Amino acid sequence: MKLHPMIAALRRHKAGVVLIALQIALTLAIVCNAVFIIGQRIERVNRPTGLVEDNLMLVSQGWVGAPSGDQPGDVEKLDSLLQADLAALRAMPDVESVVPINSLPLLNSSWTGSVALKPGSDLRAGNARSVYYFGDEHLLKTLGLKLVAGRGFTAADVQNRGFRDSGTPAVIIVTKALADKLYPKGDALGKAIYLDGGSSPSTIIGEVERLQAPATGSWVNGFLWNATIEPFRLNANFSRYAIRTRPGRLQAVMHAVPNVLYGVSRMRVLDDDSVKSFAQIRQEAYRSDVGMAVLMGVVCLILLGVTAAGIVGLTSFWVGQRHRQIGVRRALGARKIDILHYFQMENLLISGAGAVIGLGLAIGLNMLLMKRFEMDRLPVLYVLAGIVAVMALGQGAVFAPARRASNVPPVVATRSV
Amino acid sequence: MFGYYFQLGLRSLRRNPALTALMVMAIGFGVAASMTTYAVFRAVSGNPIPDRSARLFTPQIDAWGPQQNLKGGEPAEALGYVDAMALMRANEAKRQTLLYPVQLSVIPQGNRDLPLNANGYAVTSDFFAMFEVPFRYGSGWSGQDDAARTADVVISDELDQKLFGGADSVGQTLNLGGHDYRIVGVASHWNPRPRFYDLFSTGGFADEPDIYMVFNRALDLQMRTGGRNSCRGSLSFTTWQEYLQSNCVWITPWVELDSSVDVAGYRRFLTNYAAEQQHAGRFNWAPNVRLRDVMQWMDQEQVVPPESRISLAVALGFFVICLVNTIGLLLAKFMRRAGEIGVRRALGATRGEIYAQYLIEAGTVGLTGGLVGLLLTAVGVGGVSVLFRPEIAKLARLDPSLVALTLAVAIVATVMAAFYPAWRAAHVQPAWQLKSS
């Protein structure tokens with residue numbers, strides 16, 4: 001098939017050609033970037049936290065009229081409140097284990113600091129920043145963390161810590177990511193490190209495979225997997241308990257927990273947000289990511305639909321306009337398939353041109369997004385896939401009008417309309 | 001003539017139902033997507049206190065130094081105790097307040113047997129006048145009460161409802177966290193969004209505070225901040241006094257300044273204060289201070305969530321594609337009637353009249369698309385909770401101004417999209433058309 005007459009014919013419909021090409025180009029630019037955003041969000045939401053998330057829940061509560069923790073003797077009073085709650089929770093029939101803890105991954109409540117190999121050395125610069133988790137000897141078991149080296153805490157390791165104390169523990173457990181950062185040779189176990197520029201050493205007694213930071217914002221990206229677990233019972237006028245229930249008993253325990261705690265003491269605040277399953281915590285943390293992916297998905301689908309509909313509309317119009325010409329071509333010996341191919345080829349030309357412009361627009365839009373919204377660079381694969389997709393969309397959209405054109409009988413040529 | 005053309009427009013909607021439905025849906029979806037995201041964007045980026053925003057300023061003083069301060073040499077977003085108190089004592093502005101969030105609980109009394117959460121702010125007396133807090137009963141407290149460190153408290157309408165059934169509770173006693181407080185005022189519903197006065201702790205969106213208490217009283221009770229606390233370097237404090245003297249920042253200051261002369265004066269005062277501190281050896285760096293008004297502060301703190309900006313950008317791009325699509329379809333729709341236009345022109349219609357007819361016809365398409373868009377916007381506004389946190393999602397509402405805007409955008413955009421097709425229609429050659437048919 002010769003392209004020359006086709007291009008000559010297109011010149012007579014400049015506006016329509018430009019509009020279809022433009023629409024293809026814009027669609028390509030937006031769909032490529034939107035699909036890329038969707039992919040990134042899905043990847044983010046699917047990264048494992050390192051916990052065994054099933055049958056895990058969190059209780060956050062505050063004591064009313066409890067000491068603030070700043071006076072001497074406060075920590076003892078607060079610890080007796082904490083111990084009473086722990087005893088009651090651990091005595092519940094469907095509960096496997098309980099740990100008092102300061103935060104959980106995805107909870108967006110962070111204790112952060114930095115670790116160093118030498119005492120008193122500055123911290124932020126070396127970027128060995130870390131998040132801190134405080135818990136007792138039940139922490140690994142309750143959260144379901146996988147120990148890859150060393151041992152977990154024993155009851156003898158665990159100490160009390162007031163809310164504003166800044167003491168450092170004698171022993172700590174770190175994530176493998178942090179251990180490898182500090183000791184790239186993989187011999188971190190048994191080494192002493194210094195927390196927050198302090199002068200007393202903390203010995204690494206265990207490494208866990210993976211444990212995510214509580215925060216989900218971008219500020220934590222540099223040290224998302226650097227976690228340090230300290231053997232502390234945090235004594236403040238609030239407390240958090242992570243609870244692992246027996247399989248399938250999560251709902252029952254969630255339902256029963258408030259009454260058990262009120263049974264220990266009624267002078268506490270438990271509100272609607274106090275008892276949460278880990279699934280709820282995950283859902284809240286990633287709400288905007290999932291929402292963004294859904295929004296982008298819907299926009300893409302509608303956009304592709306609108307573009308396809310536009311192509312159908314304009315091509316149908318052209319077919320109507322060229323009714324007689326098609327008849328003449330048929331009368332001069334063109335087969336049905338030739339007419340079909342003509343319109344398909346024409347569409348391929350236009351959407352090809354559109355795709356070339358769209359390629360530029362997609363990259364331009366991506367650069368704009370990178371500059372303004374901390375996006376990553378759009379991989380070429382996405383753009384290539386996008387080009388194939390819009391070309392296929394164009395072919396799909398043009399098929400029905402082109403079929404109709406190919407069905408124009410040759411006799412039309414002889415009629416004077 | 002307008003009425004007649006409008007009728008013609010309505011009639012032509014029915015002529016090519018498929019083509020028309022396509023256009024109407026494209027405009028409807030485009031408008032709805034843009035308006036839904038705009039509704040959220042408007043809610044999160046609006047001016048929360050329009051009549052005073054240019055007179056309220058938050059001072060920042062760099063107490064961390066160039067090694068440890070924020071990106072771009074920015075001072076911390078709040079003040080520590082030492083600097084906050086120094087500003088308060090200097091009393092250089094017309095009005096000034098310090099504030100930090102507190103979390104308390106209402107101790108059970110009478111027939112209630114479970115404690116309630118009561119979150120709020122420790123503030124100084126000027127807070128209520130500076131931010132125009134409306135009162136249902138009573139009022140705030142005075143500067144003397146600040147100095148006397150009285151146990152006064154202002155409660156929200158909602159807490160008043162819960163505790164006193166909405167009655168005038170001024171003068172009543174309230175036990176918060178084991179201490180008695182006297183209620184001096186009940187604020188009517190007041191929750192400016194974004195919460196410009198406490199961006200440090202809230203990020204701009206939070207439920208209405210339940211209580212406001214005397215700042216000095218909260219310090220006396222050694223009440224720690226219920227919001228953010230940010231420190232630098234190795235932390236060595238153990239007691240409350242040491243904490244107050246540390247470099248931790250947790251207090252947000254606000255000052256009210258009426259004229260640009262006052263603003264310049266206050267800026268000079270801040271610089272001088274920082275220079276004095278440098279001179280005294282407390283800071284070993286040059287003065288680094290900021291004085292931003294409400295809108296500048298919201299901009300600096302990036303109150304508008306990034307997902308709101310991205311979705312607005314995407315929705316606008318989407319709308320543009322829908323319009324390009326509409327141009328094409330209108331062109332097809334109009335040019336199908338080239339013969340009819342030829343006849344009209346031959347019978348004496350001017351180009352202007354052809355323009356008028358086809359633009360009005362496009363307007364009717366736009367109107368129909370706008371109505372569809374309105375329905376979809378209502379659906380969209382109901383569904384924004386999938387994308388945003390509930391406290392932001394519930395700000396998006398379909399109010400009369402949004403309804404008007406949706407229709408206006410749909411009509412104006414469609415009429416603009418129709419200019420080129422209408423131009424083509426008006427330039428149809430009557431002779432040519434008459435001959436060829």
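Backbone N, Cα and C define each Cβ position, glycine as well.
Feature annotation from TrEMBL assigns domain 'MacB-like periplasmic core' to B:20-219.
Panel annotation: around the transmembrane segment (B:21-41), residues 304, 308-309, 311-312, 314-316, 318-319, 321-323, 325-326, 329-330, 333, 365-366, 368-377, 379-381, 383-384, 387-388, 392-393, 395-398, 402, 405-406, 409-410, 413-414 of the same chain, lying at least six beyond its termini, place a Cβ under 8 Å from a Cβ of the stretch. The transmembrane segment annotation in TrEMBL covers B:21-41 (among others).
The transmembrane segment annotation in TrEMBL covers B:310-334 (among others).
Note on the domain 'ABC3 transporter permease C-terminal' (B:314-430): its mean pLDDT in the predicted model is 88. According to TrEMBL, the domain 'ABC3 transporter permease C-terminal' annotation covers B:314-430.
Annotation comment: TrEMBL describes B:355-382 (among others) as transmembrane segment.
Tertiary proximity for the transmembrane segment (B:402-423) is limited to same-chain residues at least six positions away from its ends with a CB under 8 Å from its CB atoms, namely 27-28, 30-32, 34-35, 38-39, 319, 323, 326-327, 330-331, 333-335, 354-355, 358-359, 361-363, 365-367, 369-371, 373-374, 377. The annotation transmembrane segment is assigned in TrEMBL to B:402-423 (among others).
Helix, strand and coil counts under DSSP for the domain 'ABC3 transporter permease C-terminal' (B:314-430) come to 98 helix, 0 strand, 19 coil.
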